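Trainee: Pasting the feature list from Swiss-Prot:
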- 1-57: region 'Disordered' (REGION)
- 13-28: compositional bias 'Low complexity' (COMPBIAS)
- Asn15: N-linked glycosylation site (CARBOHYD)
- Asn18: N-linked glycosylation site (CARBOHYD)
- Asn28: N-linked glycosylation site (CARBOHYD)
- Asn108: N-linked glycosylation site (CARBOHYD)
- 119-139: transmembrane segment (TRANSMEM)
- 150-163: compositional bias 'Low complexity' (COMPBIAS)
- 150-187: region 'Disordered' (REGION)
- Asn333: N-linked glycosylation site (CARBOHYD)
- 340-654: domain 'Peptidase S8' (DOMAIN)
- Asp372: active site, charge relay system (ACT_SITE)
- His413: active site, charge relay system (ACT_SITE)
- Asn426: N-linked glycosylation site (CARBOHYD)
- Ser587: active site, charge relay system (ACT_SITE)
- Asn606: N-linked glycosylation site (CARBOHYD)
- Asn727: N-linked glycosylation site (CARBOHYD)
- Asn859: N-linked glycosylation site (CARBOHYD)
- 886-915: region 'Disordered' (REGION)
- Asn978: N-linked glycosylation site (CARBOHYD)
- 1014-1034: transmembrane segment (TRANSMEM)
Amino acid sequence: MKNDVVRWSRQPTSNTTNSSSSSRSDSNSTHKHRSKSNKLNARQLGSNAARSCQQRSSVATTLEDEQQTIIECDIGNFNFDCNLFKTSFLTQHKQKRSGKSSSKSKSNRSRPLAKTKAVFLLALQFSAVVFLCNINVGFVAGSVATAASSAGGSSPAAPSSAPSSPPTVAVPPPPPPSSALKVDPNGQSPVLPPYVLDYETGGKAKLTPNNGKFGQSGSSGSNNNHIVGHYTHTWAVHIPNGDNGMADAVAKDHGFVNLGKIFDDHYHFAHHKVSKRSLSPATHHQTRLDDDDRVHWAKQQRAKSRSKRDFIRMRPSRTSSRAMSMVDAMSFNDSKWPQMWYLNRGGGLDMNVIPAWKMGITGKGVVVTILDDGLESDHPDIQDNYDPKASYDVNSHDDDPMPHYDMTDSNRHGTRCAGEVAATANNSFCAVGIAYGASVGGVRMLDGDVTDAVEARSLSLNPQHIDIYSASWGPDDDGKTVDGPGELASRAFIEGTTKGRGGKGSIFIWASGNGGREQDNCNCDGYTNSIWTLSISSATEEGHVPWYSEKCSSTLATTYSSGGQGEKQVVTTDLHHSCTVSHTGTSASAPLAAGIAALVLQSNQNLTWRDLQHIVVRTAKPANLKDPSWSRNGVGRRVSHSFGYGLMDAAEMVRVARNWKAVPEQQRCEINAPHVDKVIPPRTHITLQLTVNHCRSVNYLEHVQAKITLTSQRRGDIQLFLRSPANTSVTLLTPRIHDNSRSGFNQWPFMSVHTWGESPQGNWQLEIHNEGRYMAQITQWDMIFYGTETPAQPDDVANPSQSNQFNLYGNDMAHNDVEYDSTGQWRNMQQVGEVGMTRDHSNTAACLKWSDRKCLECNDSAYMFEDQCYDVCPVHTYPLDKFQAEEDEQDDEVTRGPVNPYSSSPMDHSLLMSNSLDDKQDPLQAEDRRRRSSLTQLVEVPSRVCAACDRSCLECYGALASQCSTCSPGSQLRKILNETFCYAYVVRSTGMASVVDISKMDDRDTQQYMTGTTVLLLVSVIFTLMGVAVAGGIVYHRRAMARSNELYSRVSLVPGDESDSDEDELFTAHFPARKSGVNIYRDEAPSEKIFEEDEISHLVP
């Protein structure tokens, strides 16, 4: 219970200070006063005090000024402790007890107002501080990252003012001293060659000595890109000459079991006394292996997260199960053959397998193995083609790859993939495999802990017997994972491509990934991003990009697979000797590609792994695949980030492979960009340039890698674009909305195949966009070029001037187009454009001359567009006659006017036009002028052609933005200055996904950005200062008011009698001030007085 409080209030006098000090001095003395004739006794006082518990009474006198002297006493426990103070908050005299205190009312009214002001000021200051933090916190992060990299041993970056030095060709680091490393008695290289990136160590521990061994035993090092799991009970051990029984002896001596050989001199050990899942390593067993002189290298394995790239069973399509074929279909009695639309549809709408079968090519003699969760080897549609030598159970360490059955059939994936490749034909059951004459095996490796050793052992299984390895799995497609093969798996790829198939190289085919819905990018998958694999994407039945498909520059080609609910899926074998028509995802695409590869290898057994990739690039069909990102590279090939070079064409690949000459030896050149230590501010981008003129051994590119080290507070905000000397634009990395990692990229090799056939000589540009709120910093950029010194084929014609200014009406490919009789199958096939737009359908009958599926000449009544003949120009194009093109050229000369002979560029006049005031007022007119000024002379224009409209037009009568006749949905025609443009209803910024061409930007964009940034910064500073000033004024005012009030001072109240036995003892207070009339009131009891006026005279003298 709270104590009762009574206040005695008296009118201040001129000697208030003296009275206060006198009261404080007299508080230490004891005064006795017993009131016998008083009407108030001690018992009554105690009773009144009990009734007034938790109440506050005050005594007030009439004020002549704004201040009062108040004594506050606590009487709840009969211990009169009083406080004497002055106050200026009670500004009115309390006339009667029933009235409310005006001071209390004013205080209650002022409190909400004060709280509102405080909240407003806090919100204002908080918003300003947050804005300033967003501007500046990234700089701190960048400084910390720089300091960390410097502390990590990296050399400090050269100052920006230093003169730029030419790029240097990377030289492999010198080998460690012989005293520090063990020497391989066979003279073989270490676990990984120096140029292979170790994904588990970020490239930092490839040749690090550790007690005389290669690599770090027992610790995988720091890897920001790889999320490792628990430790397992298995080890990977390198024992030279272990085949002669030494590996078994080492395992026995240290309590291990030798599970088998991974590849040359590398073995898979297990220790059954070590926990199969542990968060900490088994250091004791690791140390024993390290101390054994027979062991060259040892490492405890950690589990990895690997996902199959298919989906939950979807409902079968309600569309017709039989498609009209435009080629002569073969007769199969398999029950599901009519539903295999991707093989028998014809008309250029399938993968053209039937003509290859008619040539007698069925994959006979080629061995394909499926790396997955097992294979139902006794399936009626698989058992005739099952090959036990191509099969193994890595999870259970036996030769039987039969899957583990459960209630959900979760291990059906491998059996489905195997049926796509080699399901038996004409057995009256289920489906037909693409290579139905090939042998198929399966490796059960996903139904357990997947470690680096498990992957390496699977990829290295019987490489002299197995020709093709098909994998439809990889790191999690969640849009936030950056992961790839470990040290052993990377070595397995190299061993396979250099030694497999008798030195011709094993074929590794990989599914590109199903993270499209999560906006994942397959360049963050180290398996599809590898030069050793053939990455395959998917296309739907209608030729669209599937919703699950990932876009990246490492995808080489495409096969058909599932789409939406209304589109058909893939037919194949299933668990329990059954069949399915609903195989989905890129998991279904990779086995189809493996089957086509088996057909190609049968037609030419001497093909190497690089030969196959060259053939895929040259024969893939872009036709009928709808993707707005289609473009042409520097040698004229059409390529897409979703489909690669197009749909795989089995018959054409077989035809080319029969006459194929082996490509020259692969050459490699690495260029290190100097002084790369740049900060990328938020929502901006920078462009780095690297001049290449030292790679004389690589003149015809195959794979290109940009190895980048970059730090960022949020990795998903980074976009990367690469531009080749031939002006081919490549998107290396797209934004990933789920990637919140702060790890950045540590020597991650972003790979591209889009510059295939180009020359690396010239200027390469790397454009880095930071679309987030935090700073980013790039510290390393290396370019690695793979290719040949001479053309891939002897009859290929070199193209000395590479440019993507390709001829719109012909084919500028660098290789030799093989012409054949136009009466063949391609002469009768229909190349379909946009689905549902009959006016876009080409007219093959109007073509007079064919060359490799491309029309070279149309008749007089037809229009030519993109190597096809049309009766009417397709949508987004307009008819352009030869005389009209010449008139446009003349008009353009008049528009450009005289050229300054002293100008360094013929475009100076157009640049001046682009900086005019009208351009600032209307960007569409500016773009129109730029396009007018950039029109070049048309050379050898066919008589009737279709030219592309401006992208803002749906239909047009010219190439300019001001020549639209109809607009795309969401836009409307508006007339400005006697010209008509298509304006969008709502203009939205596309900065998050647009590619900004720095070469076409003028300085005013940068100036506007800097001006806007400065203004925002000044506004935030002004608001902050105003908030601080207002808050300071309030604090100062409050403190000034507090100084006008004296602090509480203790006044001792002592009993009137020293006797302790009298319970009715009355406590009184002695005041040295003169007696004056005092009224006493209690706030919460208006009908009752605690003290009468004449009674207080005994309390206050």
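Residue numbering: from 1, along the chain as shown.
Note that Cβ sites are derived from N, Cα and C of the backbone, with glycine treated the same way.
For each feature listed, report its degree of burial, its nearest neighbours and the pertinent distances within the displayed model.
Mentor: In the three-state DSSP scheme, Asn333 (N-linked glycosylation site) falls into the coil class. For Asn333 (N-linked glycosylation site), the same-chain residues lying six or more positions away in sequence with a CB closer than 8 A to its CB are Asn426, Asn427, Ser428.
Per-residue confidence over the domain 'Peptidase S8' (340-654) averages out at a pLDDT of 95.
The secondary structure of Asp372 (active site, charge relay system), as reduced to three states from DSSP, is extended strand.
His413 (active site, charge relay system) is surrounded by 26 other CB atoms, counting those within 10 A of its CB over all protein chains shown.
Counted within 10 Å of its Cβ, the other Cβ atoms near Asn426 (N-linked glycosylation site) come to 13, all protein chains included.
Summarising the environment of Ser587 (active site, charge relay system), the number of other Cβ atoms within 10 Å of its Cβ, over all protein chains shown, is 28.
Sequence-distant contacts of Asn606 (N-linked glycosylation site), defined as residues of its own chain at least six apart whose C-beta falls under 8 angstroms from its C-beta, comprise Lys504, Ala662.
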Trainee: Of all the recorded positions here, Asp372, Asn727, Asn859, which one's CB has the most other CB atoms within 10 A?
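Mentor: Most Cβ neighbours within 10 Å: Asp372.
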Trainee: Compare the C-alpha of Ser587 (active site, charge relay system) with the C-alpha of each of the recorded positions His413, Asn727, Asn859, and give the closest one.
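Mentor: Among His413, Asn727, Asn859, His413.
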Trainee: Could you state the CA-to-CA distance between Asp372 (active site, charge relay system) and Asn859 (N-linked glycosylation site) to the nearest Å?
Mentor: 53
Trainee: Cα-Cα, whole number of Å: Asn727 (N-linked glycosylation site) versus His413 (active site, charge relay system)?
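Mentor: Rounded to a whole number, the Cα-Cα distance is 42 Å.
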Trainee: What Cα-Cα separation, expressed in whole Å, is found between Asn859 (N-linked glycosylation site) and His413 (active site, charge relay system)?
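Mentor: Each residue's Cα considered, Asn859 (N-linked glycosylation site) and His413 (active site, charge relay system) end up 51 Å apart.
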